[in-house]
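Listed in TrEMBL for this protein:
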{"type": "COMPBIAS", "residues": "234-243", "note": "compositional bias 'Basic and acidic residues'"}
{"type": "REGION", "residues": "234-266", "note": "region 'Disordered'"}
{"type": "TRANSMEM", "residues": "7-29", "note": "transmembrane segment"}
{"type": "TRANSMEM", "residues": "86-109", "note": "transmembrane segment"}
{"type": "TRANSMEM", "residues": "121-150", "note": "transmembrane segment"}
{"type": "TRANSMEM", "residues": "170-193", "note": "transmembrane segment"}
């Protein structure tokens, strides 16, 4: 189970990194919408125009481009453009946080203990960050695409000389959204399924409890023997020299008494 979860975290890290790079590219490159040669007027066939959320460029030839940052201050921009910028910045920050958390959640990263709850929560937070990045990026590019399509078919813009269509950055944003959502789902699911072992089965050291038990039930003192223990079967009983000497003395006294009585009788 641990090997499967580590594999899922690794795949999520790769997908999240790719998604982060694609979100950054979609945010910076001015290819959110480009002019349509077919829908534009005939005298505008030589004009090439492309716009992003930060820069817009136009070229009247195939060599030189004139770019500007909408030539207005931040306050003078349309509300939807400021919203797109805010959503993409927040999405990129969330994707970056998800990549960092996914790297820390891998088994090869020894910063956090593998079996601890902290690493599990890091993986969950990384998955949530990837999900948020994918949702924010998807909302932003889908909203912008809806505006481009509405402007293309709206009768209020039929007299406009340049007609715009979807740019490459919108497709990059959709792919980045897909990768981010897959990475977030994999990280969140593997972290929720791979729960740590129950704390009731683990034996933790509790010094206060051990000290209390030692005070209430003192252990028996240990006996240390320096001499080797001799088995009873191999023990040779030595004679008691004190008893043998006393018996010999008694026998000698009896012999002396008997010899004295025999002398007196003679």
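Note that Cβ sites are derived from N, Cα and C of the backbone, with glycine treated the same way.
What you see is a predicted model, and the numbers here were worked out from it, not measured in a lab.
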Q.
Pairs of Cβ atoms less than 8 Å apart decide it: which stretch in 7-29, 121-150, 170-193 has the most with the transmembrane segment (86-109)?
A. 121-150
Q) Are there residues at least 6 beyond the ends of the transmembrane segment (170-193) whose Cβ is under 8 Å from a Cβ of it, and what are they? A) 4-5, 8-9, 11-13, 15-16, 18-19, 22-23, 25-26, 32-33, 95, 98, 102, 105, 120-121, 123-124, 126-135, 137-138, 140-142, 144-145
